[in-house]
Amino acid sequence: FCFLHGFDVEEDLVGNLASMSTNERIKAIQKLPETMRKRREIRNKVLKEITKKSRHRGAHPSCCAQCLQGAAVSFRRFGNTLSEYFHHLRIWHKTLKIIGAEFGTSVLSYFVFLKWLLNFNLFSFLVNFGFITIPQFLAAEPNNLSFTGLELLTGAGYFQKTVLYYGFYTNATISKIENGPSYNMQLAYIFTVGIYFVICFFILLFSMAKSFYRNFINPQEYSGNASKLLCTWDFNITNEKAVKLKQKNLSTQIKEAITEINKEVLDFSVMERVCRTAVHLLTWAASLGTAAAACAGVYFLSINNLELFMKGQRNDLESQAAMLVLPVIASLLNTLIPFLFSWLGHLERFQTPGQHIYVTITRVIILKMSIVGILCYYWLNIVATSESQCWETLVGQDIYRLVLVDFIFCLLGSFFGEFLRRIIGTTVCVSLGLPEFDIGRNVLDLIYAQTLTWIGVLFSPLLPGIQMIAFLIVFFVKKVSLMRNCQPPRKVWRTAQMMTSFMFLLFCPSFLGVLSVIGVTVWRLKPSEGCGPFRGLSSMYAAVSEWIQMLESYTASKWVVWIYHNLITSELFFFILSSIVLILTYLYWQIIQGRKTMTKRLHEQLIN
């Protein structure tokens with residue numbers, strides 16, 4: 001009887017849902033207190049019911065109408081099935097949940113940031129491959145160089161005559177059909193790179209603003225923590241593993257919230273404050289001195305590297321090994337010195353783990369960006385004015401080696417910094433215990449790698465694809481190393497603003513610094529005479545100027561010429577645009593401050 005009663009209730013539910021509009025039906029199904037599998041069954045029954053009603057409604061529907069209805073239902077079911085399969089293909093969805101439950105939001109923020117960079121490089125690769133590389137395949141000349149395998153490490157040899165580097169791309173207009181449509185490779189190259197950086201700018205800006213809005217202007221900031229206890233459990237969870245995972249996640253969130261509430265403000269004596277200030281000054285002096293010494297070493301090594309390269313490009317083992325000296329030393333410095341900075345941070349004995357991480361990040365970003373700045377000076381002022389036949393390809397090869405060796409050192413850092421540290425802490429010196437995941441050092445490794453990729457896009461268009469594969473491997477290696485070698489942070493703390501800080505560091509100084517390097521390369525430096533799409537021009541930007549001059553003779557293209565002269569090359573336009581942006585930013589900031597004040601007052605009223 002109970003079974004029949006339940007069956008009648010379900011029939012009534014399906015009938016009611018079938019009579020609703022599409023939007024109302026979707027919302028009603030989402031609100032049902034049932035498992036996802038049960039909801040899908042009800043949705044499929046509703047679709048069948050709608051199909052039956054539509055057939056009965058028309059006494060003799062036409063064959064065309066039946067075909068359209070059947071196709072619509074089939075397409076809808078196919079779309080639902082496809083979305084379910086895509087949901088299962090999100091390989092990191094479960095991984096991120098486990099990491100958040102076991103290690104808290106501080107460690108989780110690193111993996112969320114890594115996943116975001118992975119998607120970002122996928123977009124970059126598709127853009128460059130679609131608009132630059134595929135057209136070049138149509139005009140590509142055969143590669144007569146032999147492949148030895150060493151090219152995978154050095155990026156030289158066989159790869160010089162492939163689409164991997166700038167020098168291989170033609171400056172001709174590609175046309176496979178006589179009197180048919182043509183493809184100007186010069187314009188395609190510069191516009192693709194230019195529009196790509198504009199899109200990157202807006203993606204970073206909106207991502208940073210969205211993260212800032214979520215974490216700094218949080219509407220739940222004054223709502224209390226009782227909701228975490230009473231209102232966050234999902235009663236649709238029935239799987240035992242999922243229940244345990246959800247329990248761990250909630251437990252970690254509550255611990256973080258309690259730790260933030262119970263923060264202790266230590267009151268130091270005058271002598272203790274003087275000692276702490278002296279320790280801070282000494283550690284900062286040691287950090288800045290180490291960074292300056294590392295930059296000097298990279299600069300002199302880069303000069304020596306160019307001399308070795310200009311003496312003769314041999315394919316013997318000694319010549320190939322000489323090419324790897326600069327990237328190996330640079331990556332070695334970038335790997336070892338952050339360990340020193342982390343150790344100095346422990347000597348300073350900060351009150352919270354957040355202070356330790358942010359200070360370490362600041363020191364490491366100074367080191368890494370200084371090294372990148374020295375390398376950019378070397379590429380733009382020394383390599384670009386050298387006697388090399390194709391200095392752009394030479395720069396692309398340097399960046400390829402730096403990216404590859406940095407990836408190898410990142411994997412070695414997980415082995416020596418976490419695996420061997422776990423062995424020592426569990427067998428040799430038990431008092432050390434398991435290591436903690438170093439968030440600051442690992443995040444700065446990602447930002448350094450992404451900075452190199454952005455610089456290399458102009459000289460090696462397929463570099464984002466290589467970095468995408470590297471990030472994918474790093475994601476799973478770091479995940480395994482974290483689970484097997486590391487322990488959760490000893491001091492649980494909430495890091496709502498961590499992701500916003502990562503985005504800000506990626507935007508400034510990383511992305512803005514890259515824009516300045518690309519700007520100097522495009523507007524100031526003369527391209528190589530014998531290679532690349534801009535050979536024979538005074539600068540890469542001269543290709544755009546010549547195109548505009550050509551358009552001036554066509555009446556239909558006058559609007560393009562007007563936009564170029566009155567907007568793109570006008571300082572007044574950018575001054576007015578900047579002023580409007582600043583005014584809007586100020587107004588929006590005032591609105592935010594007003595909302596925060598109102599939220600505080602409402603919270604006080606609730607307490608009263």
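A Cβ is built for glycine as well, from the same backbone N, Cα and C atoms used for every other residue.
The feature domain 'TMC' is assigned by TrEMBL to 390-496. On the 0 to 100 pLDDT scale, the model's mean across the domain 'TMC' (390-496) is 86.
Feature annotation from TrEMBL assigns transmembrane segment to 116-138 (among others).
Summarising the annotation, TrEMBL assigns transmembrane segment to 187-206 (among others).
The feature transmembrane segment is assigned by TrEMBL to 281-301 (among others). Within its own chain, the transmembrane segment (281-301) is flanked in space by residues 325-326, 329-330, 333, 337, 340-341, 344-345, 347-348, 363, 366-367, 370-371, 373-375, 377-378, which lie at least six positions past its ends and keep a Cβ under 8 Å from the stretch.
Under the heading transmembrane segment, TrEMBL lists 321-345 (among others). Listed by sequence, the residues of this chain that lie at least six past the ends of the transmembrane segment (321-345) yet keep a Cβ under 8 A from its Cβ atoms are 153-154, 156, 283, 286-287, 290-291, 294, 297-298, 301-302, 305, 308-309, 356, 359-360, 363-364, 367-368, 371, 375, 397-398, 401-402, 404-406, 408-410, 412-413, 417, 438, 440-441, 444-445, 448.
Long-range contacts of the transmembrane segment (357-380) within the same chain: residues 106, 284, 287-288, 290-292, 294-295, 298-299, 302-303, 306, 330, 333-334, 337-338, 341-342, 344-345, 348, 350, 395, 398, 402, 439-441, 443-444, 447-448, 451-452, 455, 501, 505, 509-510, 513, 517, 520-521, 525, each at least 6 residues beyond the stretch ends and with a Cβ under 8 Å from a Cβ of the stretch. Per TrEMBL, the feature transmembrane segment maps to 357-380 (among others).
Summarising the annotation, TrEMBL assigns transmembrane segment to 400-416 (among others).
According to TrEMBL, the transmembrane segment annotation covers 452-477 (among others).
For the transmembrane segment (498-523), the list of distant contacts is 105-106, 109, 112-113, 190, 193, 197, 200-201, 204-205, 207-208, 211-212, 215-216, 358, 361, 365, 369, 372-373, 376, 380, 384, 439, 443-444, 447, 450-451, 454-455, 458, 539-541: same-chain residues at least six beyond its ends, Cβ to Cβ under 8 Å. Per TrEMBL, transmembrane segment is recorded for 498-523 (among others).
Per TrEMBL, the feature transmembrane segment maps to 572-591 (among others).
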(request) Mind tallying the domain 'TMC' (390-496) by DSSP state, helix then strand then coil? (result) 79 helix, 2 strand, 26 coil
